[in-house]
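Structure record follows, encoded as structure tokens.
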């Protein structure tokens, strides 16, 4: 997306439009000064940490790296992370699509408030999010007695982890789809309906093809956050090894046990996931602009 | 039903599914977000007022507000400076590796916070790549409040860059051309034309970075050292209260944090409206 302006007006010598236009050009030393400061900051704060994850992970060699990843606790953490993610994504896709449908296709009172409320989980501290579910489902919580009586546990068990994951990833899909569907307007759907299509047919055959890239974008962001969530999951997990430990929590456990290389080995898996997320994101952005 | 009918009349009224989609949206949101969130306030209000007040104004808690607030403020300010320069570089200049830089700006969004936390503390520890360069000057970053600042700067950077970048891209060069024609020097054009145009976006980016930083937990706890009264952030205190089975205490502090979140959310909403209005005015009709 960036460089669109520069791309459209690309001049010789790889200059942007701004650089070739005397009215929007800075003195050479100003330009190099800005670039030097900006890129130094970039290298220090983004590039270096990225390199450090992999360097630290491989510090004790490939054998130790694989051992750290192949140990049963790590494997069960991978499984749990996948379970929580695979539940969170479809739930939040269904929510995102229905919320975007109601907000973009219809006018109603309180729409702006609804949009604000959808963003709410982004502004709540993950720790507070975890605590909410403890208050509702914990032993002394609203449903604690009932859950105990029925021999069920939510907090310090897998359901709590799933709930916390669903909460922190709640807005991602809706947030991508609402502006997209608002911008697309209603003409295509109105045409389909007046030609005799049912509501579902209209959605599957008309709306969905138009929003598929936005939907994918939302799913990618949702996926990254679901797999990487730490604070909220940490509160409801109880850190029971092999049972309620997700990948980020496994990183914490190994790190606190001074198994630094193992911690970074597991962390490098999550860093690879982050890089894959950025790559897919870039691909989707290319397809849509 | 009457509600449904008004809703339909706003459009041409043929698209179905209003009741179903809005109903599902509201039920799902209430079950997952609104009801659990209300649990914080309901549990907090079950305490007597003096008890609640004593919890949220206890010296370690007040110290944590100070740490969280100041480091978040400073981190957001640092990000405004360097994030603006990065956004400016990405929009205005071509340089080698620009696409890579642009893509990696989002790294803090995609990288799990725990990974960021252990990595930054490894980098800034006394024997780390950066820490060992600073150690001879007596500067300690990891396990001090400076470490918190580093972590919060890391996680906040994309908010600032990604808020300013699109506004800068849409800013029509005609304004700068007009300024130049009228004899303005480049610095004057920047000061009186570009900066006012970017101001709403800069403030929005600042607020977003600040809001994220205040609630941040994962990346901070590994590098903070978590010394009581010195480098404990407020979210950590909620965790310590919970670990001591002091649920009332945890809830009281969480209620304070939620109120701050609400205030920030509405502030950011207002700022975003301002940014959108200002931008549509300044981008000109045909863009660039």
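The backbone N, Cα and C atoms fix where each Cβ goes, and this holds for glycine too.
Annotation comment: TrEMBL describes A:78-281 as domain 'ABC transmembrane type-1'.
Same-chain residues lying 6 or more positions outside the transmembrane segment (A:32-54) and placing a CB less than 8 Å from one of its CB atoms are 26, 264, 267-268, 271. Summarising the annotation, TrEMBL assigns transmembrane segment to A:32-54 (among others).
Positions annotated as transmembrane segment by TrEMBL: A:75-103 (among others).
TrEMBL lists A:123-143 (among others) with the feature transmembrane segment.
Within the same chain, residues 80, 83-85, 87-89, 91-93, 95-97, 99-100, 118-122, 126, 129-130, 132-134, 137-139, 141, 215, 218-219, 221-222, 225-226, 229, 232-233, 235-238, 240, 243-244, 246 sit at least 6 positions outside the transmembrane segment (A:155-174) and bring their C-beta atoms closer than 8 Å to a C-beta of that stretch. According to TrEMBL, the feature transmembrane segment maps to A:155-174 (among others).
Under the heading transmembrane segment, TrEMBL lists A:262-284 (among others). Within the chain, the transmembrane segment (A:262-284) has long-range Cβ neighbours (under 8 A, six or more residues past its boundaries) at 50, 53-54, 56-57, 59, 64-65, 67-69, 71, 74, 77-78, 213, 216-217, 220-221, 223-224, 227-228, 247-248, 250-252, 254-255.
Remote same-chain residues near the transmembrane segment (A:123-143) are listed as 154-155, 159-160, 163-164, 167-168, 229-236 (criterion: CB distance under 8 Å, separation of at least six residues from the stretch ends).
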